[in-house]
Amino acid sequence: MNKALFLCLVVLCAAVVFAAEDLQKAKHAPFKRAAPCFCSGKPGRGDLWILRGTCPGGYGYTSNCYKWPNICCYPH
């Protein structure tokens, strides 16, 4: 009985540790996987997305220019 209780306690502690670790990861925003780029006629710096036909959603991009085969996306 003591071994079974100890095993349950170990499993419970491990579950708490892994759950807390996942919550820590969820707090951080995902990194953009883009390089800096510039388009002629547009002020500021854009994000160069390699081998994409369109700008990805969820980053607030409002304009873009093509640098074949890549795309340079501009926020706001």
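Glycine too: its Cβ is placed from the backbone N, Cα and C atoms.
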Second cysteine of the disulfide that Swiss-Prot assigns to C55, among C8, C13, C73: C73
Member of C13, C65 annotated by Swiss-Prot as disulfide partner of C39: C65
Largest tally of Cβ atoms lying within 10 Å of a Cβ, found at which of the disulfide-bonded residues C39, C73: C73
C-alpha spacing of C55 (disulfide bond) relative to C65 (disulfide bond), in angstrom: 10
